[in-house]
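Q: OK, TrEMBL features for this one:
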DOMAIN    1-105  domain 'Major facilitator superfamily (MFS) profile'
TRANSMEM  12-39  transmembrane segment
TRANSMEM  51-77  transmembrane segment
TRANSMEM  83-101  transmembrane segment
Amino acid sequence: GVVSEDSHLISILGTLSAVGLVVMVIGFSLGLGPIPWLIMSEILPVNIKGLAGSIATMGNWLIAWVVTMTANILLNWSSGGTFTIYAVIAAMTIAFIAKFVPETKGRTLEEIQFSFR
């Protein structure tokens, strides 16, 4: 590697990596992480909330698994290409949300359900 095994820099980089990971997990948990569950609680009717919530949670974790399983393969192929693919998918997700997820601020559940018809 770039740094020898007995260098003091190795322990600093290890600590920096661990701190970075913790900060990322906290940031995700406070930011994008809870959004699927927030949307489910806002737009799903009470009579299907259990089943639909389970399916949405399974889909969320399935996509997380796909990203985890493909990341190393794609990074070995191309670092820039990997993040380009993920960025394009994220952009398509934002476009999907903007087009199909209704605004719920100040609306009752019945009004939200009516917007799906």
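From the backbone N, Cα and C atoms, a Cβ is placed for every residue, glycine too.
Fair warning: this is a prediction, and the values are worked out from it, not measured in the lab.
For the listed features, I'd like the structural context: burial, neighbours, distances.
A: Summarised as a single figure, the pLDDT of the domain 'Major facilitator superfamily (MFS) profile' (1-105) averages 84.
Among residues of the same chain six or more beyond the transmembrane segment (12-39), those with a C-beta under 8 A of the stretch's C-beta atoms are 3, 53, 56-57, 60, 101.
Tertiary proximity for the transmembrane segment (51-77) is limited to same-chain residues at least six positions away from its ends with a CB under 8 Å from its CB atoms, namely 36-37, 40, 44, 85-86.
For the transmembrane segment (83-101), same-chain residues at least 6 beyond its ends with a Cβ under 8 Å from one of its own Cβ atoms are 39, 43, 67, 74.
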